[in-house]
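Let me begin by presenting the structure, written as structure tokens, before commenting on it.
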Amino acid sequence: MAPSQDLGERDQQQPPAPYPADLENGRYGRIPNGHGSTTGTEGSGTLQLNEKDDATLRPNGSHDVKEEGQETSTNVVDWDGPDDPANPQNWTLSKKWLNISVVGLITFNVPLASSMFAPAVPQLLQDFHTDNASLSTFVVSVYILGLAAGPLILAPMSELYGRLNVYHVGNVLFIIFTVACGLATNINMLVAFRFLAGLVGAAPIAIGAGTIADVTNLQQRGTAMSIWSLGPLLGPSIGPVIGGFLAQAAGWRWIFWLLAIIAGAVAIISFFVLQETHAPTLLKRKTNRLRKETGNMALRSKLDTQLPPKEMFLRAIVRPCKMLLFSPVCLILSFYSAFVYALIYFMFSTFSFIFKASYGFNQGTVGLVYLACGIGMLLGLGIQQLTGDRIRQRLADKRNGGDHKPEYRFPPMFMAGGLLPAGLFMYGWAVQHHVQWAVPLLGTLIAGIGICIISICINTYLVDTFTMYAASALAASAVLRSVFAAVLPLFALQMYNKLGLGWGNSLLAFVGLGMWPITFLFFVHGEKLRKNPKFQIKF
């Protein structure tokens, strides 16, 4: 009989995990090392799976596992060998990238809705007969609060019902609540439906990284994470350009009609293209099918935790919170990522007022201001793509015999961490002294380069470090990031009124300078920190 595998105990894990840790060359497949065992590394420890020589693989994908101390065997359903095409890790490259691209498209559409409405806020306030500046900012920010709450619910749902169902249901509900925003008759209705749209729209942000980890290996992951990360970064930059001209031409309600149309098109594409990637869900379906075909109700999935759905759901909700509270790696890097991401909305929430007052831009042209930061992010993506994997491989070959370490993702941040505050200084003081409008836009472009590279490097590092719990790690980061992005802009106008545009942006730049050393510290000491027994989390 084919070898069966017993999961060794891990110091960061106390009951059985929802699914095993990623192995070096495949997430759920077996990789014999020629010595009767299989090993794989993960950020905080080593996973060992010992094979028994007296087991043979059955043609239907199930095999007998005889647990130590037991006299009877249990029928366990696994993949049909390490090359099983049903395993998402073994999909063809075209199939992998098609699914990743569609997930990236959904991820782009959701942040697009967050800022597309920003240039139309003055028009909205006029229609609803209010001049409350804080309320105008909150109408934009409340959507981000929905994005903050969503991952805590949607990520656990994907573990219970699969990633595909969460994507599809999220797409449909997002369309419904977006249409409701366009039909709002008062500002309270608009705020409520904006929050709900953000809540259900958070699906790709909550589980997108998990989907990527499901289908990619180490060599493919950097590019895939760059594509996925571009949505949350570039969407907020492009949205105001479209929203500004659309509001000027057809009114603010048409912004929501357009978003609903785009979301509808994306939902249709997703319905026909996306496939399930969550291995526990796939093996559960295979188990149910084999039970019907064979009549053997004793069959169970190799990845079945045998936990009640309620307990699985609660554990999955708690896991991101535990990561933020007890993992310095997750907490510190998520805090850095949250600050960087919040800067996008901090600047964007004030562009309409600043460039109208200081440079006389109208409602349509002020939307173009947001594009400079977006161009910077595209440049940052190009730099990351050209340098990230090359530097990682060079460091692996030179320092670690060709083996990758998550810390090798950090070098592009050495430059990016300095570009971010430099761009903020340039933007703030150029606007303060009414320097020609191209100069402050150049500052936002430079800041955009830094924001993009920092965000991609941190996201990819978290996936490399918490491969088994990549979705939870990114959900934890997304929650903190969205809270920062929703709350900090509420104080933007007050800060600028007290400190001025020059010193106000300088304050943000000094905070960025203070965080810059985090990159170097993690590059040198990150491995010791994530492997320190004090910080091993038990789930």
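Just so it is clear, glycine is given a Cβ too, placed from its N, Cα and C backbone atoms.
Pulled from Swiss-Prot, these are the features on record:
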type	residues	note
REGION	1-85	region 'Disordered'
COMPBIAS	36-46	compositional bias 'Low complexity'
COMPBIAS	50-69	compositional bias 'Basic and acidic residues'
TRANSMEM	100-120	transmembrane segment
TRANSMEM	135-155	transmembrane segment
TRANSMEM	173-193	transmembrane segment
TRANSMEM	195-215	transmembrane segment
TRANSMEM	227-247	transmembrane segment
TRANSMEM	254-274	transmembrane segment
TRANSMEM	328-348	transmembrane segment
TRANSMEM	363-383	transmembrane segment
TRANSMEM	410-430	transmembrane segment
TRANSMEM	438-458	transmembrane segment
TRANSMEM	473-493	transmembrane segment
TRANSMEM	506-526	transmembrane segment
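Here the transmembrane segment (173-193) does not lie next to the transmembrane segment (410-430) in space: the count of CB pairs under 8 Å, restricted to residues six or more apart, is fewer than 3. Of the Cβ pairs linking the transmembrane segment (254-274) with the transmembrane segment (328-348) and spaced 6 or more residues apart, fewer than 3 are under 8 Å, so the two regions do not touch. Beyond its flanks by at least six residues, the transmembrane segment (506-526) meets 329, 332-333, 336, 339-340, 343, 346, 406-407, 410-411, 413-414, 417-418, 420-422, 424-425, 428-429, 461, 495, 499 of its own chain at Cβ-Cβ distances under 8 Å. Taking every recorded stretch in 100-120, 135-155, 195-215, 328-348, 438-458 and counting its Cβ pairs under 8 Å to the transmembrane segment (363-383), the highest total belongs to 438-458. Among the listed stretches 100-120, 135-155, 227-247, 328-348, the one sharing the most Cβ pairs under 8 Å with the transmembrane segment (438-458) is 328-348. Most Cβ pairs within less than 8 Å of the transmembrane segment (227-247), among stretches 100-120, 195-215, 410-430, belong to 100-120.
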